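Asker: Handing you a structure now.
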Amino acid sequence: RGHITPCAPLHTSHTVDYVIFVVLLVASAGIGLYYAFSGGRQRTTQEFLLADRSMRCLPVSLSLLATFQSAVAILGAPSEIYTHGTQYWFLGCSYFLGLLIPAHIFIPVFYRLRLSSAYQYLELRFSKSVRICGTMTFIFQMVIYMGVVLYAPALALNAVTGFDLWGAVLAIGLVCTLYTALGGLKAVIWTDVFQTIVMFAGQLAVIIVGTHQAGGIAEVWRKAQNGSRISGLDLNPDPLERHTFWTLGVGGIFLMLALYGVNQAQVQRYLCSRTEKEAIMSCYAVFPCQQIVLTLGCLMGLVMYARYGEESPLDQGYMVLYFVMDVLRDLPGLPGLFVACLFSGALSTISSAFNSLATVTMEDLIKPHVRPMTEARATLLSKMLALAYGLVCLAMAYIASLMGSVLQAALSIFGMVGGPLLGLFCLGMFFPWANSTGALVGLASGLVMAFWIGIGTVMTTLITSKPRSILLIKAVILASVAKTALYSLSYMWYSAHNSATVVVVGLLVSFLTGPWKEKDLNPGTIYPVLGNLLFFLPERYREKLCCVTPLEDNVSHLNSTKQNPVSNTAFLLPL
């Protein structure tokens, strides 16, 4: 899978293509160098990890968009539309609640607590052990995902220029590591802004030229309709169906919450905003941008179908790359622009991963367990952590090369691991009686369930699709008998299923081991969603249900300490 033989005749790169590619890398590295030697010169952890909490709405919103708008989506979405039709477009329906809930629930809680890491919240709400478990789960999630998004654009470069695949992996990884380790979060955010513009330009170039060659947008639409690629509203409630309105529009909400609500890479951007209002506005601004990105992916898939019909030139993993070179091979510069588009998606995602991983490792695993260190030493250590994660990312790219469907693999990983983390935060924020034991058991149950479903689905598919011996045939029979509905569950429901497992198990264990009372919890750690929903009950009943104290009162009390909430209120944590 390291080389794409059928694409060899389409290697028609010109000098200008290489120039565009080099400009992307140089510009990204230049931004990192600029912030390394300007302003505060990244001399404090606040500047390196949180951009001095000084960022405005526009760059933060574009960075939020770019963080998970990687080459995975750029390559995967058009292939999905080409193969299965426009049903995938209904994922856009999940964006509304998937961004509205973080804006008005998660951001106020995180921002008013003045945290550096989202997992500091887990210690405030539960205990230090829950915080460590949450941090380790996030690290595992992001390290695996980095491999996927690093491998995809390297594959693109191999297809376009014939450049050595693993040489490309090394080039991307080193450039990204350089500007992340030198320039900190400011460099990451401003390179995200630059890379977002490049991503839009690359996709638009392919769509415009491809549409023109296909005879216009009306002809593209006509061919897509004739080929049954324009999907209607599928209201089939069966959760085993891969893509329906419910799996995409409802299951997608939980995926969005896992990404934009509690993922450290995004939370860190909210926390670096100048004010809470600007953090909320940046989340709102992502909504139209996400719709545009989704629409561009769908249009590219339809243009691909208008060009090739049912005769796919390659398998799904390589289709977009072949299409781009086929369409743009006589237009010097545009192939390079699309490769730059893919690289931009990868760079923005990987750099965000490096920075967020360095943050949680520093704030959650090192600072609480070592004697106080100087600010200069802490900042240097944070930079070294970003560098170390860059090297880990290079190693993980090999594993990504063994995966199948790029889009589904990446989303499945986030569903498998992001879902339990979402459930853990929801358990803490919405259910005051949940205790530390319930949180730990709930998280463990969610992760076990996630990997049971995920690994079981993959193994069942491999066994049933490629029986090569008598032993495998016997395994097929056993798998057919033992296969449950869970193995057929749409991957879009992974986040919802796994987060619900954490909440249900966590609540059951909490009630069995002694539920906590709201008055004993750290102020500002509970969002009063139950109090708002049960407003019609008398206050004495709502008080028994632990849902009477509004968030504003709690937070104002917490902020009166005027210091780090973790260090000042840790002694208040229930035992």
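Placement of Cβ uses the backbone N, Cα and C atoms for every residue, glycine included.
According to TrEMBL, the protein carries these features:
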TRANSMEM  18-37  transmembrane segment
TRANSMEM  57-76  transmembrane segment
TRANSMEM  88-111  transmembrane segment
TRANSMEM  132-153  transmembrane segment
TRANSMEM  165-185  transmembrane segment
TRANSMEM  197-218  transmembrane segment
TRANSMEM  243-262  transmembrane segment
TRANSMEM  283-306  transmembrane segment
TRANSMEM  380-400  transmembrane segment
TRANSMEM  406-431  transmembrane segment
TRANSMEM  438-463  transmembrane segment
TRANSMEM  496-516  transmembrane segment
Asker: Would you say the transmembrane segment (243-262) and the transmembrane segment (496-516) are in contact under the rule of three or more C-beta pairs closer than 8 Å, pairs 6 or more apart in sequence?
Answerer: yes
Asker: Out of 57-76, 88-111, 132-153, 197-218, 283-306, which stretch touches the transmembrane segment (165-185) the most, going by CB pairs under 8 Å?
Answerer: 132-153
Asker: Could you check whether the transmembrane segment (243-262) and the transmembrane segment (380-400) come into contact, where contact means at least 3 Cβ pairs under 8 Å with the two residues of each pair 6 or more apart in sequence?
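Answerer: They are not in contact.
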Asker: With contact taken as 3 or more Cβ pairs under 8 angstroms (pairs 6 or more apart in sequence), are the transmembrane segment (380-400) and the transmembrane segment (88-111) in contact?
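Answerer: No, these stretches are not in contact.
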Asker: For the transmembrane segment (57-76), could you work out the same-chain residues 6 or more beyond its ends whose Cβ comes under 8 Å from its Cβ atoms?
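Answerer: Distant contacts of the transmembrane segment (57-76): 148-149, 152-153, 156, 188-190, 192-193, 195-196, 199, 202-203, 259-260, 265-266, 269-270, 272-273, 278-279, 281-283, 285-286, 289-290, 293, 297, 317, 320-321, 341-346, 348-349, 352, 405-408, 410.
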Asker: Cβ under 8 Å to the transmembrane segment (88-111), counting only same-chain residues 6 or more beyond its ends: which ones?
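Answerer: Residues 77, 80-81, 118, 121, 231, 233, 243, 245, 248-253, 255-257, 259-262, 266-267, 270-271, 273, 276, 279-280, 283-284, 286-287, 290-291, 294-295, 298, 425, 429, 524-525, 527, 529, 551, 555 contact the transmembrane segment (88-111) from elsewhere in the chain.
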Asker: Quickly jot the same-chain residues contacting the transmembrane segment (283-306) by Cβ under 8 Å, restricted to those at least six beyond its ends, or write none.
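Answerer: For the transmembrane segment (283-306), the sequence-distant neighbours (Cβ-Cβ under 8 Å, at least 6 residues beyond its ends) are 57-58, 61-62, 64-65, 69, 73-74, 77-82, 86, 88-89, 91-92, 95-96, 99, 102-103, 107, 200, 203-204, 206-207, 210-211, 214-215, 219-221, 223-224, 227, 229, 260, 270, 319-320, 323.
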Asker: With Cβ-Cβ distances below 8 Å as the criterion, list the same-chain residues six or more beyond the ends of the transmembrane segment (197-218) that contact it, or say none.
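Answerer: Cβ under 8 Å, 6 or more out: 24, 66, 69, 74, 292, 296-297, 299-300, 303-304, 306-307, 323-324, 327-328, 331, 334, 337-342, 344-345.
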